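Let me begin by presenting the structure, written as structure tokens, before commenting on it.
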Amino acid sequence: SSTPNTDTADGTGGAGAANAASPVTIQVGFENTNEEPIGQAVEKWAELVEEQSGGTMKLELFANSALGSKSELIDQMVMGENIITIADGAFYADYGLPDMGILYGPFFFDTWEDVWTLLDSDWYADECEKLKEKGLTILASNWIYGERELMTKSKVVTPADIKGKKIRLASSQIYVEGFNALGATAVPMALGDVYTSLQNGTLDGVENPLSTLYGQSFQEVAKYILMTGHIKNFTTWCIGTDFLNTLSAEQQELLYSTAEEAGLYNNELQEQADEEYRQMLVDAGVEITELTDDQLAEWKEAAQPFYEMGDTFGWSEGLYDTVQAAMGK
Amino acid sequence: MNTPVVMMVIALLVLLFMKVPVFASVLGASIVYFVMSPGINSAVFAQQAITGAESVTLLAIPFFVCAGVLMNYTGVTKRIMDFCSVLTGRMYGGLSQVNILLSTLMGGLSGSALADAAMEAKMLVPEMEKKGISKSFSTVVTAASSMITPLIPPGIGLILYGCIANVSIGKLFVAGIGPGLLLCITMMFMVSLISRKRKYLPLRTTKMTGDMFWSSFKPAILPLCLPIIIIGGVRLGIFTATEAGAVAIAYSLLLGILYHDLSAKQFAQGLQETLTTTSSIMLIVAAASTFSWILTKEMIPQQFTEWMINVIDNKWVFLVAVDVFLIIVGMFVEGNASMIVLVPLFAPAAAAYGLDPIHFAMVFIFANAIGAFTPPMGTLMFVACGVTECKTKDFIKEAVPFYLLLAGCLLALTFVPVFSTGLVNLIY
Amino acid sequence: MKKVLDALVKVEAVLAAAILVILIACTFFGVLARYLFNSPFTWEEEVQVACMVWITFLAAPVAFHTKSHVAIEILVDAFPQKVQRVIEVLIMILMYAILIYFFFRSLEFISVLARTGRKTPILMAPYSVIYGVAPVSIILMLISYTYETVKKVFLTPAQNEKEEA
Ligand code: NA
Ligand code: NA
């Protein structure tokens, strides 16, 4: 359509492709702050888009969920709004792609190399295709969100140590069942309530990337971190398929390539930040324990029951083996 | 601001003053924007207006409204009133002092100024008149002192603000105590002065004996424990500020059973009152989330902050400007509605000035609340006058010293942050 | 007609009250389950949020009967009675327009949810059902609003008194 939208700061919907006079604006919503690596890398992405499009495309950034919660944004994207948001497989699992959830099971990946191999596989491409049919297109998946570690009030080394311990998890079936399978008592709770709950013993522990653990000041109330890296948390940026189709082929290509490039920048920042946070946690008196290969094997072993719960999650037949094979294992 | 946004704001004002219910006015204004912006999918309108009701934090509203209503039915209020009479018995103003102290202590049980004003106008004002205190003065004291109730935790204003501006509600609860007590003490002092002049005599001339104290204090102990349970429970992390509301309901039911005062019929009546109050607030909240989605999408808060910082470069001037602006808005717009629309604009600006979020929250909440006591749109004034059949004209004349007192307290809160933040820093 | 409408309001009120009781109970026992028995309800938040949506919308028509919806009356009430009646009719037209627009937009929104099949993460309850209360409630709001306004604007005070009695 050619709506004569004179005052478009929004350039939405039909105003899309050929309109050179007013730039195509896309709004990017995410939960992180501007200071976190993700926040800085999105800014980089916006710069890249502006530069490489010669000013004909523009990303408007909304940190701290200012544009709305993730599910709200995704519904809006399906309705054709000009929005991009950050989301990961645990979310897509709840969104009707149950198989994606397995990537966020405990101890699924051994190394980040495994992650990158999987992202290049046909299996992953198929999943993205299914998501596209549901109205969402993934622009880039190579963004490291962090490696999730286990922080506890008393020292934990082996799976036996967390038996019955109350560990806080985000309210998602995959996360919750993952820790229940390891023998802990999973407590879904809003992140904002965790500090006091750790302090008074309602919780025994919490898991998250080091940056979040430090950002929430949990080091004041829990003194042990086990470097489990139980989830290699990569995340993705997605856009509404309908809106994407209103853009020209070059514009679409530009979004894909810049998202990927900014992702590499993000991963560099994440790596630096991880080092810094680790040091700050140590300085705050936290004891950080690395796992030996044998101990890691023990945790992997303990996580196995989770991968036999396919019926609970609605996974495809033999999903675990399929995905392992896609990683070349 | 582009044309659709300007038209939306105009539509909002027109609808509001045409007596269209507030929630429908806000929805109507948003409709204007959506109709004028054909590029935006209009289903987003419904998405925001429906999911706007979806907030775990705001569960506290039905909970604390319900707890407050149940307290009135269980005879808890009566026990606390007897205790207040003993405490303030020797002060000039007699039942006026009881009225103020009762609002303060009931503040720990109820989150709503309106409920408090309605209850005390019904229960206390006739008694005050019998003691020779004029109807208009009694009504004014009732309405003014009920402003203390939502400041003492729990309070709906504190909950709403915390939820919108993303400030810890547990901390806001603690922060409200300082301003609440400040208002209570200064108001008692002022009422004492006025009463001395008018010969509104104390309830008794004898000194308070230990016996007297104990016999009135004992029945009030359990009800007075609730605020301690709430603050303590939240502070220790046993339950969240939201869950505290459910605990408060359970506690008031327990007291009802203990005192044999709550019938099934009263319980049903209490639920009914809770539902209509909750729905009328939550519909405004939900409608406003469509409105504020539009503001966010158009990046109005950022533009507003930028503009504000350009115009005013001093944080104290900014605070005073906010005070004046909110009092004027409060004269015309119902408090919860103005809070929902304005907090997203002002909170980021306050942060940009480097103001402490708790300090700013208390200034905002207090300034926003004053409007309920002033004409033309003073909900507290209407409720109190409605129950006591006091004429608005007489009310306003009698209220002048109270307006000055409120303005003084607001200035104190504005320029002395420690009233708001002191206790929070001590406890947290 | 009046009987049918009163019964309708009663049903809504009872249903909303039942949901309020569920909400209170689930939150209170949720605290006990987590704090005393170490086994939190994983589904608690989903139920709470759904209850809140249902209470807001189910009690909204009832709030028309109890006159709980706030409005700014100062300006309109300053006009003479006859003018006020004209304005009341104007308000009625606006209310219809607003609620009917909301009704159709909410159907659109629900149909998007039905298409994507989004469900709550733990109980797997479809969002189309949770939010589906809105369009139903809007219809009920239209009915309640009409009922109350007709009573107020078109009946004489004497008739009104008879109605109340
Ligand atoms: Na209170
Ligand atoms: Na009072």
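One is the number of the first residue shown, and numbering goes on along the chain from there.
Each residue, glycine too, has its Cβ placed from N, Cα and C.
Taken from TrEMBL as is:
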type	residues	note
DOMAIN	B:9-417	domain 'TRAP C4-dicarboxylate transport system permease DctM subunit'
TRANSMEM	B:6-35	transmembrane segment
TRANSMEM	B:56-75	transmembrane segment
TRANSMEM	B:95-115	transmembrane segment
TRANSMEM	B:136-161	transmembrane segment
TRANSMEM	B:173-195	transmembrane segment
TRANSMEM	B:216-238	transmembrane segment
TRANSMEM	B:244-262	transmembrane segment
TRANSMEM	B:274-296	transmembrane segment
TRANSMEM	B:316-333	transmembrane segment
TRANSMEM	B:338-355	transmembrane segment
TRANSMEM	B:361-387	transmembrane segment
TRANSMEM	B:399-419	transmembrane segment
Seminar exercise, completed: Near the transmembrane segment (B:136-161) in space but 6 or more residues beyond its ends, with Cβ under 8 Å, are 57-58, 60-61, 64-65, 95-96, 99-100, 102-104, 106-108, 110-114, 116-117, 120-121, 124-125, 128-129, 167, 169, 172-177, 179-180, 183-184, 187, 191, 194, 198, 227, 230-231, 241, 244-245, 248, 281, 285, 335-336, 339-340, 343, 361, 364-366, 368-370, 372-373, 378, 380-381, 383-385, 388, 390-391, 394-395, 397-399, 402, 405-406
Seminar exercise, completed: Of the listed stretches B:56-75, B:95-115, B:244-262, B:338-355, the one with the highest count of C-beta pairs below 8 angstroms to the transmembrane segment (B:173-195) is B:95-115
Seminar exercise, completed: For the transmembrane segment (B:361-387), out of B:216-238, B:244-262, B:274-296, B:338-355, B:399-419, most C-beta pairs under 8 A are with B:399-419
For this session: For the transmembrane segment (B:316-333), name the stretch out of B:244-262, B:274-296, B:399-419 with the most CB-CB pairs under 8 Å.
Result: B:399-419
Exercise. Under 8 Å, at least 3 Cβ pairs, sequence separation 6 or more: does that hold for the transmembrane segment (B:244-262) versus the transmembrane segment (B:56-75)?
Worked result: yes
For this session: Give me the stretch from B:6-35, B:56-75, B:95-115, B:399-419 with the greatest number of Cβ pairs under 8 Å to the transmembrane segment (B:216-238).
Result: B:95-115
Exercise. Do any residues of this chain, six or more beyond the ends of the transmembrane segment (B:56-75), have a C-beta under 8 angstroms from a C-beta of it, and if so which?
Worked result: 106, 109-112, 115-116, 119, 154-156, 159-160, 162-163, 169, 223, 241-242, 244-246, 248-249, 251-253, 255-256, 259, 261-262, 266-267, 269-271, 273-275, 277-278, 281-282, 285
Problem set entry | CB contact flag for the transmembrane segment (B:274-296) and the transmembrane segment (B:6-35), at least three pairs under 8 A | yes
Exercise. Which residues of the same chain, at least 6 past either end of the transmembrane segment (B:399-419), have a Cβ under 8 Å from a Cβ in it?
Worked result: 140, 143-144, 147, 178-179, 182-183, 186-187, 190, 194, 316, 319-320, 323, 356, 359, 362-363, 366-367, 370, 373-374, 381
Seminar exercise, completed: Per the Cβ filter (under 8 Å) with a sequence gap of at least 6 from its ends, the transmembrane segment (B:95-115) is approached by 60-61, 64-65, 67-69, 71-72, 76-77, 80-81, 83-85, 87-88, 124, 127-128, 131, 133, 137-138, 141-142, 145-156, 159, 180-181, 184, 187-188, 191-192, 195, 200, 203, 223-224, 226-227, 230, 248, 252, 277, 369, 372, 379-380, 383
Problem set entry | Mean per-residue pLDDT computed across the domain 'TRAP C4-dicarboxylate transport system permease DctM subunit' (B:9-417) | 86
